[in-house]
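*Asks:* So Swiss-Prot lists these for the protein:
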- Ala61, Pro62, Thr63, Gly64, Ser65, Gly66, Lys67, Thr68: ATP binding site (BINDING)
- 495-510: compositional bias 'Acidic residues' (COMPBIAS)
- 520-536: compositional bias 'Low complexity' (COMPBIAS)
- 48-276: domain 'Helicase ATP-binding' (DOMAIN)
- 308-482: domain 'Helicase C-terminal' (DOMAIN)
- 493-537: region 'Disordered' (REGION)
- 179-182: motif 'DEAD box' (MOTIF)
Amino acid sequence: MTTINYNENINNNNNTLESFGIEEWLINNLKEQSIINLFPVQQEIVPFINRTEGHDICVCAPTGSGKTLAYAIPLVQKIVKRVVRRVRVAVIVPTHDLVIQVEKTFQSIIKGTDLVVLSLGVKPFHIEQKLLIKNHSYGEHALYESLVDIIVSTPGRIVDHINETLGFTLKYLNYLVIDEADRLLRQSFQDWLEIVIDSTNQHSDLNQQQEEQLIKYNSKGDIELFEKSISLKDNNNQMNHLCWSEFKLVKLLLSATMTYNPSKISLLQLNAPLFFTTSKTKEIKYSMPSTLKECYIISNGDQKPLVLLNIIYESLLKNNANGENKKKIICFTKSVDITHRLNTLLKLIGQVDKLKFTCEEYSSSLSTVERADLLSRFKLNQIDILICSDIMSRGMDIQDIDVVINYNTPPNITLYVHRVGRTARAGNFGVSYTIVDKSEIKYYISMMKKAERSQTLHCLKWKPNVYEKFQSSYKLGLNQMRLIYSKRKINDIGDNGDDNNDNNNEDGNEIDGSVENIENNNNNNNNNNKNNNNNNFEKDYEVKLKHSLLEISKKKAKINFNI
């Protein structure tokens, strides 16, 4: 097994699309999307897949480097001349949002062909079944026709169709793509992998003695094979997957942080795999775009919202001074609950030193349709800031995100890489900020050092008076937020008839809906309770509200606003 390394900064942009073996009809489709050059990872992967058979491929490259098109272009070109329609390409991704995104990429490059691509996991199951398979059965004879060539799916959904959709099969599959491979190879996803591999019926026994073929490029860029006889007798079955065999199915693994755990990779039964990476593996473990500037700010816990406001202010102020559009900002938190509460607070504040901004919550508490709508508005500059849980940390491709903020320090380097990788994509410049609590600084620095990264980390030190301009608006927003949560708490008391069921709210658990929805719900609850309690609830409500606000002022927020 040979690792093929290439430099991320290879400057081959003068090469034409034709020079990479891309056919004219496909070039026209790419040019319609203003794609006239390939990025480095695409320059390596596209021609390699076009001219190579029988090798599985693992690609470890930074987020935003163009990995999706790197495999979509050659795979479409490989199957476009098929005669009988079968499921020949299956792309597995971890989230529904990524399913939609990858499907759109395929749709954009298959124009003018009769290829059909279908996303699984987005539509109702019974509708997907009708779009996948046509039943021509008569009597006791079962005859099924595949209606698609390419499927893009989450792991669970493809397993559902394997088990429950009559006529659906992967035995004709030519290419299995596992995007965000490091996440999908985690233990919780192992069952789907075995089911999918088994369903391809591509298993074959390896002989005890085989020829391992090592591959590298010569000075002319041609592939050279170096044969080396090896014995597998003492290496157990875990090493069998690394050797050459006659194998129909080709597997492609892609991620910004690729695992090298043999026990996990062995489940894939890789065939003579080749590893593509952006730099020498011995020198760097986690590759980041060279166009990304990484910063961190050390802060006290209660100061974090003010640090966030200053980052927003600095980002908006620079663009405003230059007469440019507002920067697109993504702010990551560690939970859905904090995402909701931070979004509520920022909505109430609404501006930083007279610079207005708009923000929305993007988390798993929203439906797929709602998240898609938010992304569309974000792309159209109708939203300045998305407050996100980690649902958006992987794979979501929005080209012009300028700033990524880690409101909470990521617990591991893998998550950090995927978060900050939302900016500085496709050769654009971007900035990331990580707000590090004083108690976490040693862990954070240690984590970044162990990652053996090549980029410089910039520590920003802001004087306390920098935050003074935000103090009044922050306090006002926080007080309004406490009032809203207090009203919600009292409504819950009124609904439940006692004080024993409100402990969860004091811990800051998630409250559904925006600030406006909360207030509307309060009004509806008030009307219902008035009728049910013979118009006595309003007076009781006012008494409880005054009591609650008094307790808040005395104890400095009985409700925990740990944001």
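Glycine too: its Cβ is placed from the backbone N, Cα and C atoms.
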*Asks:* Go ahead and report the DSSP secondary structure tallies for the motif 'DEAD box' (179-182): helix first, then strand, then coil.
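*Replies:* The breakdown for the motif 'DEAD box' (179-182) reads 2 helix, 1 strand, 1 coil.
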*Asks:* Let's check the environment of Lys67 (ATP binding site): how many other CB atoms sit within 10 Å of its CB?
*Replies:* 27
*Asks:* Other than Ala61, Pro62, Thr63, Gly64, Ser65, Gly66, Lys67, Thr68, which residues of the chain come within 8 Å of the ATP site, judged by Cβ distance to the Cβ centroid of those residues?
*Replies:* Phe39, Val41, Ala70, Ala256, Gly421, Arg425, Ala426
*Asks:* Can you tell which of Thr63, Ser65, Thr68 has the most other C-beta atoms within 10 Å, given these are the binding-site residues?
*Replies:* Thr63
*Asks:* Give me the mean pLDDT over the domain 'Helicase C-terminal' (308-482), rounded to a whole number.
*Replies:* 87
*Asks:* Measure from the Cβ of Gly66 (ATP binding site) and count the other Cβ atoms within 10 Å, all protein chains considered.
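*Replies:* That number is 22.
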